[in-house]
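For reference, TrEMBL has these:
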type     : residues  : note
TRANSMEM : B:12-33   : transmembrane segment
TRANSMEM : B:45-65   : transmembrane segment
TRANSMEM : B:85-104  : transmembrane segment
TRANSMEM : B:116-138 : transmembrane segment
TRANSMEM : B:176-196 : transmembrane segment
TRANSMEM : B:217-241 : transmembrane segment
TRANSMEM : B:261-282 : transmembrane segment
TRANSMEM : B:289-314 : transmembrane segment
Amino acid sequence: MLDAGRTEETLLEVNNIEVIYNHVILVLKGVSLSVPKGGITALLGGNGAGKTTTLKAISNLLKSERGEVTKGSIRYRGERVQDLLPSDLVKMGVIQVMEGRHCFEHLTVEENLLTGAYTRGASKGEIDADLNMVYEYFPRLKERRKSQAGYTSGGEQQMVAIGRALMSRPETILLDEPSMGLAPQLVEQIFNIVKTLNEEEGYTFLLAEQNTNVALRFAHYGYILESGRVVMDGPAADLRENPDVKEFYLGMSDEGRKSFRDVRSYRRRKRWLS
Amino acid sequence: MPEQFIWGLEVLLNGLMAGVLYALVALGFVLIYKASGIFNFAQGVMALFAALTLVGIMDGQVPFAHLINSIFGTEIHHFGWHVPAFLAILLTMVVMVALAWAVNKFVFKHLVNQEPIILFMATIGLAYFLEGFGDIMWGSDIKKLDVGLPQGINGVIDEATYQILGYGFFIDNLDLFATAIAAALVFTLIVFAQYTKQGRAMRAVADDHQAALSVGISLNFIWVMVWSLAGFVALVAGIMWGTKSGVQFSLSLIALKALPVLMLGGFTSIPGAIVGGLLIGMGEKLFEFAIGSAIGGATENWFAYVLALLFLVFRPQGLFGEKIIERV
């Protein structure tokens, strides 16, 4: 079992939430999950399953996109957080690294990192120490500290985005699709850093990822979303062995390859059952 | 023709001074555009409103006097006191910050994540609202603004140029003063944007609203701050223009002159606004002086726009505009 880093304490509790965009589009139809302290929890599923929406509902970035949590509750350390501002959540220790990096293109790498410390009233000394800590995890960023973030590579931008989040001294990091658009080698590197941060510094991660294979290798626990619902959950090791997950998400099957048409009809029937 | 040349030089200098005032208005545009992606059509009217408010406070006018009088049949116009210029400027600044807050609260907060064209239309609405509001609040008559800025010919320059060139240049003290103020303002703004925490947050918001939200920067706070800064720049511009040519509604039309300035300098560059302003001010005066009389004069009305048109064709991002970063 990969349960090593997990403790019993639950940090984040999402209870049966429903999210509606623009007052009409129902995106999440009752998602529940819990994130234990010190663990890496993965949120899996295909395009449009609702992974990003779930993360944004937690970090409260939904409101600026005209989305709204209409039912259910989100609690962090037992406290109801769904009416707070994103900046309040950052102060509480929950920060989101958005899908597609979202670096500040015209700011330098170092300035990008410094914006992460915006909500902290820390002294210059403390912030410099944290900068060095980030540079230790991402030596590449130190070399490029004076370049404009817009001119750095995709992998470097992902590092900037994660480093920027670290600068807020978070407890929980909501990491959205870190593998997006990166070469497999870089994906491996990024996930290894996530693992190190989790094991050595004790950061808690909630990770949304399409790349089920990588995510299940590094995570402790997984939830699988489909069309705005959690259809399956369990320890990552169990999910990896589950025949359905193998077939639908990992592309492996005991019966050899299937024609795409068969898979589709099988999937549909199965989805209603689960 | 040494005489022609010397006159030309004087025209050039005067053009530069006029350009400073264009640059001041353009600066307000750039600030808001950079931080929120909103092209604020109301910047010129904000300068007018600031100047109106300043005069009103200094003269102790009763705000909304006409409205109050026509409703209640009273005849009040003045409180009967005079506020010293410095205090009045401070009070006006308070009004401009309140305006920034209200604009954000009642208009732009509700338009987050909307298309730029929608935000632009909102600022046009704001411009007309503010023009009418200023009118109701302070009356529509032309007012004289005197906050004690030096005015009239600068004796030293007149004397010095007479000694050297045998012809005394006419340079207005007010223009010199405006130049110094503008330089100080730009310097402060650049230091603020580059080296302070809030300045960095402002640039971050300009780059990516969502990402700024995600690291805990409050968009509302930054926007109120930026609109207040723009209000401050508008106040400075309003004082300069108002002192020069009286506080009247044509003041808001200088906003239109700021458009070609921005096309020249680039919409996203603070130095660009300054250089653009100077080039336009200088260019239109020189053009009028050298060629204007040959083609019937009044070229100052259109010269700036033709120049901007040329720039749009050959260098659309302007002289200093940010290159659009596109990774392939």
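FYI, residue positions are counted from 1 along the chain as it appears here.
The backbone N, Cα and C atoms fix where each Cβ goes, and this holds for glycine too.
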Surrounding residues of the transmembrane segment (B:85-104) on its own chain - C-beta under 8 Å, 6+ positions past either end: 46, 49-50, 53-54, 57-58, 126, 147-148, 220, 223-228, 230-232, 234-235, 239
Candidates B:12-33, B:45-65, B:116-138, B:289-314; stretch with most C-beta pairs under 8 Å toward the transmembrane segment (B:217-241): B:45-65
Proximity of the transmembrane segment (B:12-33) to the transmembrane segment (B:289-314), 3+ C-beta pairs under 8 angstroms: no
